[in-house]
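The transmembrane segment annotation in TrEMBL covers B:6-31, B:43-64, B:84-103, B:110-138, B:144-164, B:176-196, B:216-234. According to TrEMBL, the feature domain 'MHYT' maps to B:7-197.
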């Protein structure tokens, strides 16, 4: 295993982490930490990744030649926690788009990679009966890493479900992908309806009143399951309403 | 004087079954085209799908259906044109499936692919009909011929839409059943357009050297066997790959 620090310059911030993170994961690497910052030249993304040394060159090649990447630098990380982009002061990286008005703003730390990685095999083994494992994960991680951890677990689970069950066929436009892939896939986990461009999740077991982090798993799950099925691959899921915050149903909005 | 055609219903059912089997194999190979990681993989998937569709679903179906048809006189088939009809079907289907499997899915691409496939089905049929050697002239009702081509194109578009746009059983089985309708619907409509005119029982040149029904039966059996093996191997490989995918 090798730990690398990589720095990327791109002209746009939107979806950068999702797109490049997908490449990192595709080569068997795990994203340990990431940071996004902005300057006059564009958006800087710094990532610390860990994975198999024999895939390093291939992954670097894939990242360096990605259409979003204007400049790319990589080196072996030396165990230092601080990440220093070449530009101005770094800004914490949100994992997805910011939450809309009805939902409280969430800006926790990154995911607890270790806990998520140790939970994923259980999710794969017991899928779709995974709620007990998700509740375990919810309680096993620090409070400020809870949402990001559930989101990451959702993304990984969604991507896995896509590759197993939905990868055969053409790339679809987003509405068709939601209708034919996203909704059927999520129906394995919850009672869902797709209405007027919004996805309703009824009686979500993860979003009981008073809980903190329910819809984050579903958001990540949909990003994972839809990410591979649409062209371009960038998918954002916003949590508009959640039962845990007093709404009757959880409502998610999906966009490019 | 128009000669009478009669059909063996068991062979008609068999012709539909082989067209569905060929279509299933072809479309299962075709839906893997977008997932190809290299141009080499992509080309291989397109050619394999085109072969299964062109030779399996269309060519083999056509000749089973010809065996099912009793034209009231002995018939043989010109080897060169029979072979050429298989090549035409293979080429047209490869082109159509290649178009359908490239990039993201949209209607212009679907229509272009469906037209290729439909013309492949019709082209194979009518070229295959020119290979028929017998003591009569074949003429066609042009309006029914046009209808047969339309059936092939429309049903091909429907089958491709199901195969590339849906997921699950409707994708796998539904698309093959509809493609079977495209192939058989075109063929039997095309046969309804046929008029056999007596030529005084003069056999055409090359009649004696032509392929007979029993020769075709062996070829069709070989095609069906290959299709079955491909389906089984493909399903086995996909199952193993599915199990190997890690979270």
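Including glycine, each Cβ sits where the backbone N, Cα and C put it.
Predicted, not measured: the structure shown is a model, and the values here were computed from it.
Counting Cβ pairs under 8 Å that are 6 or more residues apart, the transmembrane segment (B:110-138) and the transmembrane segment (B:6-31) reach fewer than 3 and are not in contact. Among the recorded stretches B:6-31, B:84-103, B:176-196, the one sharing the largest number of Cβ pairs closer than 8 Å with the transmembrane segment (B:216-234) is B:6-31.
Sequence-distant contacts of the transmembrane segment (B:84-103) (same chain, at least 6 residues past either end, Cβ-Cβ under 8 Å): 26, 30-31, 33-34, 42, 45-47, 49-51, 53-55, 58-59, 62, 109-110, 112-117, 119-121, 123-125, 127-128, 131, 156, 160, 163-164.
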